[in-house]
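Before any comments, here is the structure.
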Protein chains: 2
Amino acid sequence: MFLPKSFSRWINTLSPVRIILFFYIIAAIFSTILMSLPIAYKDGVEVDFIDVVFTAVSALSVTGLSTITVADTLSTTGIFLLAFILQLGAVGVMAIGTFIWLLLGKKIGLKERQLIMTDQNQTNFEGMVRLIKQIILVLLTVEFIAFLVLGTYFLKYFSSPGEAYLHGFFGTISAVTNGGFDITGESLIPFQHDYFVQFLNILLIIFGAIGFPVLIEVKNFLFSRNRMLTHFSLFTKLTTLTFAILIFVGTIGIFLLDVQHYFVGKSWHESLFYSLFQSVTTRSGGLSTMDVSELSESNHLFMSFLMFIGASPSSAGGGIRTTTFALAVIFIITYARGGSSIRIFRREIHEEDLMKAVTVTLMAIFMVFISVLFITTYEPFTITQILFEVTSAFGTVGLSMGITSELSTTTKIILMTLMFIGRVGILTFLFMFKKTKRSGDYHYPKERISIG
Amino acid sequence: MFLPKSFSRWINTLSPVRIILFFYIIAAIFSTILMSLPIAYKDGVEVDFIDVVFTAVSALSVTGLSTITVADTLSTTGIFLLAFILQLGAVGVMAIGTFIWLLLGKKIGLKERQLIMTDQNQTNFEGMVRLIKQIILVLLTVEFIAFLVLGTYFLKYFSSPGEAYLHGFFGTISAVTNGGFDITGESLIPFQHDYFVQFLNILLIIFGAIGFPVLIEVKNFLFSRNRMLTHFSLFTKLTTLTFAILIFVGTIGIFLLDVQHYFVGKSWHESLFYSLFQSVTTRSGGLSTMDVSELSESNHLFMSFLMFIGASPSSAGGGIRTTTFALAVIFIITYARGGSSIRIFRREIHEEDLMKAVTVTLMAIFMVFISVLFITTYEPFTITQILFEVTSAFGTVGLSMGITSELSTTTKIILMTLMFIGRVGILTFLFMFKKTKRSGDYHYPKERISIG
Ligand SMILES: [K+]
Ligand SMILES: [K+]
């Protein structure tokens, strides 16, 4: 054990939620130190401390909002450091921590497992440690394959193999972790007519945003000897369905809201890919194949809504989460119809989960509203621009209408807080202020749905 | 009985909620016919049919949004007709209906009483009929006194007593019913330095917006022989407290958000009265002592939030209602703290009421968002202007940034729908689509809180 006993004892007095927050803060400080290293920057480049912190927090929360242009600012070393922080943020500080503990041969106790559980919003105790290992394994495998494919494909775009594979490497990390940073200087706009690159990025973004439990269940299904017996959990079904619906509705919506503006004179496949990619990226990706500020204001409002929902729980994304949104919608429809108990996929949903979903949604709306209201009092930007930036931070998406670098320090601090809350989850954040642990939280007999 | 038996039988097959909606629609048609009469207009004035309908619906829902300038358009007869529709809308179509039934000596049956109950959101069966009588009596008394005071006071403003008392009459009706229409051509701006007129209007607006049950309980308290034994209901306490807090927070907020803009160079009492009056009017009044479009955009956002909340249940106002907002906030705070049962004023609140409050809030947010998103796709106005107009309609407030008359027919129809839903209440509106009546809805042993 590296740590002194007194520290170890102090940690044990904290609730799991506080430990997670404690580690997130440590990770944020660590990331800030990494991004403060002079070797991370190109010669002659100077960056304000607030922008260093902002970049570190944005990377750790895999948001991708940036007050600097990575391509002009960071050295190759800096790019690798940024990729490392993204990776750290995506897997989750706790998962990494457990993995290290595993490597050190330390037996994982109840408290540590519970801790991971809260971080990844997992409600089933069994297989927690195995899950972490699987997360890392699946992630690295996918990243390695994508890196090879993308890097090799990029040989036709870049003059040297080194440059091509660097872009392949960072592009892969940025897409899979849903980091949304870019080293091209203009996101995926250079590939706006390359449907192969876009399609691969869509797959990678979905991979990062759909939630690790889904990936694990799909993997188990694919490698199972008897597929007929494989059981997909209610959580996987609900989150995947919601995710698919959101992408579909998002694509249609983005297209329709600009059919008379941005998409005028564009071919059907161009319009389709622009709409599809931008819909997918609002789940949490943050990369874009166009300058989103060129879309209509209605579309900015619509995309803010999509970003607010965000990704699936236990994924690299943020926001209120797909399941929260789904349960809130189901709850409202059922309630309006006068029904009492709510059933989906032949399972009854826990009332407490519904309450959670509705609470999270309302709190998040309130938080976004207050943030926008406050920021508009002193920033010279339109309410829509600010709403877009705020929901992008809360959903850890990273899309921007291009105002991030011009924001004041106060706004940057607000956005960092939103990224943090969006990534950690609004309930985890709130439970930080709670003294007594809620008993019986993981002991319900019915099947549970995890809420952002 | 004037109606044929077959009609009477048909009415009895409908659920209370549908009967109310049926009568609202009848009242809307009736109001439209009244406002279509040529004698309602000044010579040579022509108004489009959509604007006639809009004025009728706006008056019946006591909203006050107007696509015409009443002062330039309506004749004196028209002004009286408008006042009559406002009165009809404020008391509630059903209350009027019951009153007429009472006058005709018809015994009020269970079904009719239940009907009134739903309309006024009353949850206690007892004294329902008496309540309606009291509403009319209290309202007429207050209106008569206010008319005398205001009319006499206006003698110093207007050249003839006839004009002074006409303004006194319409001003009183518009304030008490929270109608928000004006015959000055510029709301209460002519009285922007007359604190007596403003203070009287504030009292009248609060009278109309605080909810009839509160008024009745206060009246009972004042005229009670033994005040020590008089019991204020949980509903009265909660709605009055919330109302007061909203006015206070609204005043402070409106002042602070424009302290560096609109209020620069204004005296403390001018700033106070501007802030106070505009805060009060967002509860549902709709009259204003200034051109609200001159305030900062942050203030428009803030006022939209205030209008969205609206007035107390069982009042002349709309929105999600003060109690809904209070319960939603209490619910969130309690939930975040990890508490389960919710107590205020030494009473436990029903879980179903909390669910209702949260549901109504979320549905209303969704409805407002969709409306704004849709309208922005074709109207040339800013999102803030449209949000302001939409929340003003839903809260049946009637404040506007001056764009109402320039809106397209589609937008007018959307606003009329919002006024209707805002006035009827979002739950009543939804229950219209429900086939089976919810059993036991009025039979809980605990004390209930009514939700918009
Ligand atoms: K992102
Ligand atoms: K009004």
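Each residue, glycine too, has its Cβ placed from N, Cα and C.
Annotation comment: TrEMBL describes B:20-40 (among others) as transmembrane segment.
If you look up TrEMBL, you'll see B:52-71 (among others) marked as transmembrane segment. Sequence-distant contacts of the transmembrane segment (B:52-71), counting only residues of its own chain at least 6 positions beyond either end whose CB sits under 8 Å from a CB of the stretch, comprise 24, 27-28, 31-32, 34-36, 79, 82, 85-86, 88-90, 174, 177-185, 284, 286-287, 316-318, 389, 392-393, 396-398, 400, 404-405, 407, 412, 415-416, 419-420, 422-423.
What TrEMBL records for B:77-104 (among others) is transmembrane segment.
According to TrEMBL, the feature transmembrane segment maps to B:135-155 (among others).
Annotated transmembrane segment per TrEMBL: B:195-218 (among others), in sequence order.
Annotation source TrEMBL lists transmembrane segment at B:238-257 (among others). Beyond its flanks by at least six residues, the transmembrane segment (B:238-257) meets 206, 209-211, 214, 263, 271-272, 274-276, 278-280, 282-283, 295-296, 298-299, 302-303, 306, 309, 312-313, 322-323, 325-326, 344-345, 449 of its own chain at Cβ-Cβ distances under 8 Å.
Under the heading transmembrane segment, TrEMBL lists B:305-336 (among others).
According to TrEMBL, the feature transmembrane segment maps to B:357-378 (among others).
Sequence annotations record features per position, and here TrEMBL assigns transmembrane segment to B:413-433 (among others).
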Distal contacts, the transmembrane segment (B:135-155) - CB-CB under 8 A, six or more residues away: 90-91, 95, 99, 161, 163-165, 167-169, 171-173, 175-176, 196-197, 200, 204, 207, 212, 215-216, 219
Contact set, same chain, for the transmembrane segment (B:357-378): CB under 8 Å, 6 or more residues outside the stretch: 308, 319-321, 323-328, 331, 386-387, 390-391, 394, 408, 410-411, 414, 418, 421, 426-427, 430, 449, 451-452
Same-chain residues at least 6 beyond the ends of the transmembrane segment (B:305-336) whose Cβ lies under 8 Å from its Cβ atoms: 61-63, 89-90, 120-122, 176-178, 208-214, 235, 238-243, 246, 250, 253, 279, 282-284, 342, 344, 349, 353-354, 356-358, 360-361, 364-365, 368, 388, 391-392, 394-397, 399, 419, 422-423, 425-426, 449-452
